[in-house]
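Following: one structure in structure tokens, then a few remarks.
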Amino acid sequence: MVKENCGVVGIYSEGDVNVIPMVIDALRALQHRGQEAWGLAIPNKAPLKRLGLVSASSGEFKKISEEYASHSAIGHVRYSTVGKSDLESAQPLKVKDLCVAHNGTISNVEELSNLVGGCTFTPQNASDTLVAAQRLVSLITENGKLGNALSILKNEMVGSFCFTFLSDDDAVFAARDPKGFRPMVLGHKEQGNVHIVTSESSAISAIGAKLVRDVVPGELIKISKEGGFETEMFSDDTNRAHCSFEFTYFAQPSSKMEGTNIYLARKRIGQFLAKKYPIHDADVVIPVPDSARPAALGFAQELGIQFDEGLLKDRYSKKGPLRSFIEPHQSDRIEINRWIIPIREVIEDKHIIVIDDSLVRGTSSKAIIKALRRSGARKISMMVTYPPIKFPCYAGIDFPSQEELATFDGGKDLSEKEMIEKVRNDIGADFLGYNDAENLANAVGIPKDSMCFTCATGNYAPLGITPNFNKMKQMKSV
Ligand code: SF4
């Protein structure tokens with residue numbers, strides 16, 4: 001099964017402006033959500049797909065803008081979480097007259113594929129998006145309207161989704177799953193009367209548009225020539241499960257999600273973490289670059305300790321600018337860590353508090369602590385802004401199995417204290433402090449019950465599943 005957590009965009013100009021340059025700019029502003037492939041689609045044409053970063057195709061932008069000129073389009077940046085990074089798996093996908101771009105994960109893909117009649121693909125090798133798109137198209141055929149089809153599909157699917165769709169009869173659609181696991185926002189630009197629906201407001205700013213609002217979980221938006229801007233609800237579920245990991249790690253700091261700016265939220269998370277761990281004998285607080293920087297600043301300011309940059313990423317190396325967690329292969333993650341450069345003059349003989357935004361497999365943390373020791377750190381206290389990750393995510397961020405998580409200890413039932421001690425020992429820190437869900441939610445300013453913390457708690461109720469984690473095989477086939 002191929003799963004994704006990606007970035008999506010749908011743009012429609014009621015003023016008949018060519019939106020392709022805007023789609024490209026928006027995808028560049030979503031690049032942090034997926035770096036393996038990108039693509040765009042316009043009505044009545046096969047989707048355009050490219051491997052790698054959007055900017056790697058900059059020589060083609062003019063030609064693409066001319067050849068694909070359209071006042072309606074959707075786009076996608078992709079991060080695959082299992083294996084294949086090929087062009088075929090890139091999105092948007094086209095099924096009959098509907099192009100689809102998806103951010104999220106559909107975990108019961110085989111079950112769903114059984115509902116798809118007459119499909120021509122092999123379900124085990126098909127992406128979750130393709131299976132969902134096939135099912136959606138057959139539901140539209142049976143029920144007439146996309147909203148009706150989504151109302152049915154949401155009950156059949158386990159997982160999370162933000163979709164943008166484009167139909168050959170020139171309508172752009174966007175839908176957000178009823179729990180709001182993944183983010184989705186709506187923007188507008190006066191010039192050309194341009195509507196944009198996308199994963200993050202960073203993409204709205206990138207095209208010079210204004211953020212209007214979050215797309216409501218369970219909302220379907222349609223923009224077309226005949227109807228203009230239309231909206232309907234395909235779910236009346238009012239329970240929310242916004243992914244807490246977006247706030248600490250995944251989202252772009254300039255973005256605004258659920259009314260909260262990500263940079264300021266991360267700074268507050270650092271402040272709240274400092275209240276939990278008031279370590280006053282440290283000399284300096286440093287971030288693990290790049291996403292932990294605001295939290296480190298907040299932590300340092302709260303305790304009145306000096307903030308500094310003790311670790312830099314080599315931005316000219318091949319892997320340096322990429323984000324280690326979302327690279328699919330372990331060797332690539334190790335490669336990235338080799339390009340984190342410690343600054344001896346900041347570190348030597350000091351008690352360092354190093355702030356990271358998450359501790360997933362522990363590979364990065366171990367490499368960073370080694371680098372700090374090599375640079376003469378006297379004591380290293382590691383603080384993690386996210387609670388201990390103990391369970392796989394089936395709602396869009398891929399932690400493939402418990403066995404690969406740093407918190408896993410051969411299936412032993414460790415107490416919280418024992419588990420933290422195990423991880424501390426593995427990564428080689430002198431002290432390890434994790435955030436907790438309550439503290440994180442308070443810092444973000446969203447009620448804890450309206451956020452998803454499943455990967456920390458193992459409570460899969462928001463997804464409506466009860467996975468059995470006795471064996472790795474079972475974990476991967478929920
Ligand atoms: S399980 Fe964790 S990573 Fe997945 S949606 Fe929930 S909070 Fe986000």
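Residue positions begin at 1 at the first shown residue.
Glycine too: its Cβ is placed from the backbone N, Cα and C atoms.
Predicted automatically and left uncurated, TrEMBL annotations should be read as such.
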Mg(2+) site partner of Asp356, Asp357 according to TrEMBL, chosen from Ser291, Ser415, Ser450, is Ser291
Going by C-beta under 8 A and a gap of 6 or more residues, the same-chain neighbours of Cys455 ([4Fe-4S] cluster binding site) are Phe245, Ile389, Lys390, Phe391, Pro392, Cys393, Ile397, Phe399
Candidates Cys6, Ser291, Asp357, Cys452 (recorded positions) with CB under 6 Å from ligand 1, in sequence order, are Cys452
Between the C-alpha atoms of Cys243 ([4Fe-4S] cluster binding site) and Asp357 (Mg(2+) binding site), the distance in angstrom, to the nearest integer, is 14
Cys452 ([4Fe-4S] cluster binding site) to Asp356 (Mg(2+) binding site), Cα to Cα, whole Å, comes out at 20
Quick note, Asp357 (Mg(2+) binding site) and Cys6 (active site, nucleophile): C-alpha atoms separated, nearest Å, by 19
Counting only residues outside Ser291, Asp356, Asp357 in the same chain, those with C-beta within 8 angstroms of the Mg(2+) site's C-beta centroid are Thr248, Tyr249, Pro287, Val288, Ala292, Ala295, Ile355, Ser358, Val384, Thr385, Tyr386
Simplified to three states, DSSP reports Ser291 (Mg(2+) binding site) as coil
As a whole number of Å, the Cα atom of Asp356 (Mg(2+) binding site) is distant from the Cα atom of Cys6 (active site, nucleophile) by 22
